[in-house]
Every structure is written in structure tokens, then in C-alpha cells.
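Accompanying notes for the structure given below.
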Amino acid sequence: MIKTYASRIWKYTKSLQLTIILLSLLMCLVLFCTLAQVEMGTQGAVNAYMRSFIVWNQPLLMSLPFPGGALVGLLLTINLTGRTLELQRTWSKAGMWLVHSGMVILFAGEFVAGMMQVDTNMSIEVGQTVNYVQSYKSAELAVIDITDPSWDEVYSVPDSLLAKGRPIAIPGTPLTLNVKRFFPNAELTSLLPGAPPSMATAGVGRGVSIAERPLVSADNDMNQTSVFFEPTAGGRSYGTWLTSLAIDTPQSFTHEGRTYLLSMRLRRQYLPFAFTLKQFRHDVYPGTDIPKNFSSLVQVVNPSRNESREVLIYMNQPLRYEGKTFYQASFGKNDTLSILSVVENPGWLLPYVSCVLVSLGLLVHFAIVLRRSLKRRQEQKEG
Amino acid sequence: MTFVKKYLAWGAGVLALLVALLVALPGSKPRGFDASGFGNLPILEGGRVKPLDSLARNSLLVIHSRQGFRHEGRMVGPDEWMLDVLFRPQVADQQPIFVIDDPEVISLIGAKQTKNRNYFSFADLSTHLEEVQKQATSAQPIPAPKRTRFQSAIVNLFDRVYLYYKLRNTLQLAGSPGLAWELQSLGNPEAGMRHKDLTQLAHFRMLPPTTAANPDAWQSVGQALTAASSGGGLHPGLVPLAKLNAAYATGDAVSFNQALAEMNGVVTTLKPDALGQAGRELVFNRAQPFFVGLSIYFVAFLVLCVSWLYKPELLRPTAYALLLSGAIVHTIGLAARIILQGRPPVTNLYSSAVFVGWGAVILGLIVERMYRKGFGTAVAAAAGFASLIVAQNLGTDGDTMEMMRAVLDSNFWLATHVTTITIGYSGTFLAGAIAIAYALKKHLVAKVDVETDKALVDMAYGIICFALFFSFVGTVLGGIWADQSWGRFWGWDPKENGALLIVLWNAIILHARMAGYVRERGTMVMAIFGNIITALSWFGVNMLGVGLHSYGFMDKAFVALSAFCASQFLLMIICWAPARFWEQKPPTRA
């Protein structure tokens, strides 16, 4: 009984009917995801429709549930694998074999990208040396021991940990941070006279009025992540501080002769190598503002590999280095600031493999079909 | 087919080519002035060197929606119009060239809507310029998709007026005695202000670079005057330009043509290849291969339609021959663009329409060679005609050979990804067109013709396979380009999604047919739906205005696109209509 059910399910799982249903569902999802981008931004729409198992609570679909891209993709992969195994192992099906295995690899590539791809960026001003990449949206609270003028000791607390609201002991220091209130997104304004006092008792936060704002996901919008917290050390409180992505002013306090700088900033990942921007070029077509090319000449210094060399990163010509790829993405500050987008995707090669397999497979298959059809026509003529 | 008929058919094709050649020949000289020779002078505008004729045509197209107009009983061509704007602005100001359709804008400039199209001269508008500018300035900060109809119209009018205003102040300040006077009064104290105005308002640069060290440093008249008055020496082009100006303003055609020869001499000395390059583009402009091509396709289509009713053995080959000549003209035009621009065929939306049409026509020719039923010719001619019409409408925004923005500046990817995906569009459209032919034939022709139906389905099926291959490869190549330049293979960007939809739809058709869910009619209905998907991913995504691929928003096109989709749905219903609507009753056997 169970066996027949299982075999029935398996039979359906690899049926053409399911293929068509899944492809149609995927078409709908792609369409929804495209339309939703107008309101939600690309990343928001992709997360809601493509990277989820179930789409629900979306105004576009009137809050009705819909299978998400991850679910459809997974089922399609299983269906595809089932069908591929089902194919006759003959030369006449060689093309189909190639196509379907290529598709499985393509899907795997998108899964790897969805799960493991990390997008960050690196902004460098001309002459500056940078040894970290930073996140586009996630923030961290950095506590930096600046006592030694030649060396900064950086301790950072990711926003996800701050959001939990529990006291955070910072290893390697006597400090503990008591989170008083965390704002994923907020709007900061100067405190007007007569308004209720700020929660902060130390630093610039005392003169700031804060209001919580809903999270934004559109491509050009930033969440102004903010937090009120109280650093304590050796049983002593150093007051309640406010740090926010909207606050640039340095704030610090001193405990037992060590000075700690507090700042909320975009989450950083330090690299075992550093880039120095030697030159940034922004070429335009003569007599116009139409950009012709952007390029950054960087000096890559990697002590662990005993390496120091110049690299030119420009349009369509990224640098692949230590598992990360650096692309010329943007610029600013009167062409003295170059922004490189940095992508780390262990599966970046999969689409290339897939492309070759599927193209080859389609060619082989259509050639076989064409030959068969020509032969038949010939026979018809003769017969 | 008899010998005579064969020659008659091919004769029609050759005749069409002769007509095309005739169009490319130079026209007459208006009032004795060598306007076309003046249009041949190279200028720097929009980042590239082009003949003044190209600018004249594109500006007139932007301002007037056409490349010529009728004024005081005769046709004024783009070169003559440009001469008037540059050298006789008082005459050009009176020519009613500004087309305004929006009734609110018309009432704003104190006029009444009299006809369907309303033309105004610069002189008509001049008293309301301040109001137009005020309204436009307040509308400009609003992003284009969010503007009201009035706001879009007023910004559009302002842009056109400003273009005209800049043109008439590029070589001389309008209202001043002219360039010769400007050269005489170089040292005057107030001249500096005028030079500054001329520099700021210059829409193009006409004076070739004087040093080989800086080959892109073309100068505008304002820049050259500024340089001359600060002791930098007189640019050798200024004097012949001043002579051209004076001769044209006084109506002296002989001196004008002499001064033109002098100017050509200066250009040849300073920039030896510029004149030849401009000349080639001028011939291309004059020949208008895509307009001629679409006219030939139209005739071919008509001839084929007639062939179904009358003398098929003569007219069907004639239509085929005409289609072939249309394809030759189309191909020459496409090749000319590639050579002139030094780029692969598809660089923007306009050229994609030209290329989609070309691909569909070539495919149609092949299909016709294989099946010889006239349907290949019919759908190819219709598809070629329709896509070139679309191209003509897309080409009204200005220069269609504009420079490529940095991220797109890669001939390798333009040649591979963009070309392949566009061929995929061609294929999907052609399959859709065949399906439409199938549906119409089923309803219009009373006779049951199983063999032809089968042939049509085979054609559509084969082309869908072809389209699936090209759209898939094109999409994946696009992903690889994105991986090379933006850092991700797939970003679910609207344009990428659009391409994916085409791939998915073609895959669904093939699988549904393989599994037996659809047969003849079902395949054809699905093929027509492919038209909608392709049109949406081709144009629709540009209307969303999001993502890295959104290089241009088109508002008028939205109506056209909706109408197209609606028509395709209608055709799907016609195709889907139950058998009793379209099958002849089986003959009763007595």
C-alpha cells in the first residue's frame, strides 16, 4: 500500500505534467518578481518571491499564498533529475541528456548563489589604503580601542546580536554592553526645546530625538540602524549612549586608561590583503557627459603571499582575487572616490559549465530531429 | 511556371532595387545653394563625428516628427532647414515646425486647437517662452514615469524649443549681423560676452581640431572666437564659415558654393578622413534603407495576398522576389550601420527592432524555400514591415547611432549576447506570425487542407525550437556578461526576467507538445501567446523603469504595447475557437 503510494508519487514527481506545471509556476513567479520590483526594489522582490519557499502576505498577490521560487526550483530540480534518469540511454537522446544535466547544474548554481553569495563593496579614495569590504545594508556596532596610536583593536557587534537585546560581554576587554533599545531603522532629528529628553545620558545622543521607522528594502534606500546601550566595566556604568548609521561624530569614553571609540557603521569584513587606489579615471565621450569608461588603478598588497602589484579594474574587466571578485561599480566625491562592488560566490563557475552543456545539447538534439524530419520528407517524396 | 512568368517575377524584384537606388541619389539644389554639400560637413555632436545632415535630420525629427516639411508651397528638406536655422534665423523662426498635440499645452501658449495636428513656428511660441520654461522647470524634477500628461508634454515642448534655440545660436548669435561682423569686432569690449554666450549655447562643434595631439578637440565657433580674441590665433575654418554665413544670408548662391569648397579644403587639411566618413553617412541618411525596405515588404505582402485570389503561379514568385529585394535593401542598411558605427548590429532599442525584423525576414525566406506555400513570404513580409514600422517610431528620439554608455561598451558582448537574444526574439515572433496566418487561414479558407495545416505547424514547431535555442543561449550569455561586469550571473533584473520568460514559454510549448497536451491548434495558440511574452520582455520592462537595463522610458509606447497585446489575445481566441466555427461541414455523401 505504502509502496504503491510512494511509487505513484515518484512517478508523478518525474512526470512531464509536473514539469509543465512547475515551468508555468516559475513563469508566474518571474512575472510577479518583476512587477514587485517597482515598489520593493530588486533585492526585496527577489527575497520575497525567488529566495523563499512560500510567498505570502504580498500585496501584489492580495496576500494569497503562492509557492516560492526556492520550492519551485527545488521541485523542478528533482523533476528534472528524475526525467533525466528516465531518458533512454541511446545516442538519439544524447542531446536531451546534455540539456537536462546542464539545466540541473544551472539550478544548482542559482541555489549556491542564493545560499552562499555574499555581496559587499569597497570604497576607496585616491591615495587611500583599504583592507576591508563592507556590507551594503547590515550594520555593526564597533568598539575600537584606540589607546595605542599605532594600532587599533576593533571589536564589533553585528546588528543581529544587538536586536536580541541581551547584555553583550566583549571578549578580550572588561566591557559589557547592555542594549537599552534597538532600532532597525530610525529617523534622527535635533532635540527641540521642550521635547521629552533623550534616553541617552552621554555623547551626542543627548541632543537627538529619535523616531522608529519601518524597514526599507528598495535598492537606493538605507536603513538608519540605531541603538541605545550602556557600556559597563568593573561594576561601573559609563552612561547610556546612542550610536547610529546617521551619526558620524566620533564618541568615546575611557576606562582604566584605555580609550574606546564607539561607532555604528556598515558591517565590515577585514581582508588579509589591502588595496591602495592610485588613480581613478572617469572618461566621457568628447563634448558630452556620456560616460565612456570608469577605471581604478589599484595597488594590491598581500603580505601573506609576499605580493605587491598594480591592477587596473575597469568596465567588464573585474579582478578575481582570493575567492572574491572586485568590479568597478560606482564613483563619487568629484571622481576622487571609487566604489568597487565585491562578490564572493563559490558557485560562479557553474553557469558557465551549464551554458556549454545546454547549448551543445540543444544543437545536438535539434540536429538529430532535423535529420530525422528531412529523411522522412525524402521518403515521402520517394514513396 | 513558364519562362516569361519567371522573368516577370524577378523583374519586379530588380525594379524594386532600382527604386531603392534612385532614392539614394542626390536631390536638386534649392535656390542654387549646395545644401546637400553643406550637410556633408563633419561636426562633433553627441560624442561622435557625423555629417551636419544627420544632426539636421534628427533635430527636425525631434522637433517636427518628420524629416522635412512643406512651407510656402514647396518641400523644405533637413539640410535647407538647418541652413535657415543657422544663418537666417529670422526666416526659420516663421516656419511652423513645432508639432504640439496636447490641448492643455496649446491653450497655455494662447492658441486654439484647430486640427488634429497643430504646428507652430518659433515666432508663435516666442511670446510664451517664459511660461513654458516656468512650467517645464517645475515638472522636470518629477521622475518621467510619474509626470502627468501635461507635465510630460510641457517638458517635451521645452526640450524641443531649447534644442532649436541652441541650434540658432551655435554659429552666430541670432539677431546679430553675423559671423563676419563677429570676426571684425574681435577686440571690442562687449564681444567677450557674446563669445561666452556662443560657447554656452553651442549645440555642436564644427571646427576640426588644429593639433594632431588632441584628435577629439573639435571647437565650437564660440570657443574659437574666445581663443582668437585672447591671442590664440584665428581658426582657419572661421573665415570660410563667415563667408558661408554672409553668402547664405544675402542669397548669393555662387559665393556660397565657393565658400563651401573653401571650407571643405580646411576640413580636409585638418582632419583628412572626416569628410569621407561624413559623406558615407550622408549617403546612408539619404538612402533611408529601412524606410525603402519597409515599403518593399508592404508591396510584397500585398502582392502575395492578391496571389491567393488571382494568378498564383505568377504573383507568388513575384512576392517572393520582392521580399528578397526588400531583404537585400534591409541587409545593406544593417551592414551600413555596422560599418558606420563600428559596432555589432544591435546597440539600442531602435536597432534591435531593425534586427528583429531582419532575422524574421531571413528565417521566413528560408522557410519559404523549404515549403513553397507562400506562407513564409507572407509572414516574413508582414513581420519585416511591422518591425521596421516599430523601428521608425523608436527612431524619433534623436541620433540612432548614439554612443554606448560605459557598461555597454563591449563589442564582444554586444556581438554575442545581444545579437543572439535578438535572433531569439525574431524566431518567437515569426512562430507567432505563422500561427496567426494559420488561424486566419482556417477561418477564411473554406477548403479543408490538412497538408498545408501540417506544414504550417511544422514550420512553427521548427522555428520555436530555433527560438528556444537562441533565446536560451542569449540569456545565459547575458548572465555571463553580467557576471563579468556587475558581479552576479543572475540578478533577477527585469530585462533578464523578460528573457527568461521567453525561454520558459518556448520550453513549455515544446514540453506540452511532447507530452501530448496540445496538438496542432494548441501549439499555434501558444505560439501566438509567445508574441505577447516577447513584446513584453522587449519593451514592457523598459516601461517599469527599474533595474540596470532601464536605459529609456517610453510613455507613448505603452498604449501601442497594450493594443498589441490585446490584438494578440483576440487572435488567440480566434485560433482557439471551437471546430464548428472554422471547419467546413463534411460533404454529405448522397
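For all residues, glycine too, the Cβ spot is worked out from N, Cα and C.
Which of B:156-174, B:498-516 counts as transmembrane segment depends on TrEMBL, and there it is B:498-516. Two recorded stretches are said to be in contact when at least 3 C-beta pairs lie under 8 angstroms, sequence spacing 6 or more; the transmembrane segment (B:498-516) and the transmembrane segment (B:460-482) meet this definition. Ranked by Cβ pairs under 8 Å to the transmembrane segment (B:557-579), the stretches B:290-310, B:319-340, B:346-367, B:374-394, B:460-482 are led by B:374-394. When Cβ-Cβ distances below 8 Å are used as the criterion, the transmembrane segment (B:414-440) is approached by residues 343-347, 352, 355-360, 363-364, 367, 375, 378-380, 382-383, 387, 404, 408, 453, 456-457, 459-460, 463-464, 466-475, 477-478, 480-481, 499, 502, 505-506, 523-525, 527-528, 530-531, 533-534, 538, 568, 571, 574-575 of the same chain, each at least six residues removed from its ends. Away from its own ends, the transmembrane segment (B:290-310) comes close to residues 12, 16, 19-20, 23, 316, 318-320, 322-323, 325-327, 329-330, 333, 354, 361, 374, 377-378, 381-382, 384-385, 388-389, 391-392 of its chain (Cβ-Cβ under 8 Å, at least six residues beyond either end). Note on the transmembrane segment (B:319-340): residues 9-10, 12-14, 16-17, 20, 280-281, 284, 287, 289-290, 292-294, 296-297, 299-301, 303-304, 307, 351, 354-355, 357-358, 361-362, 364-365, 368, 374, 377-378, 380-381, 384, 388, 401 of its chain, located 6 or more positions outside it, place their CB under 8 angstroms from a CB of the stretch. Mean predicted confidence for the domain 'Cytochrome c assembly protein' (B:347-549): the pLDDT average there is 86.
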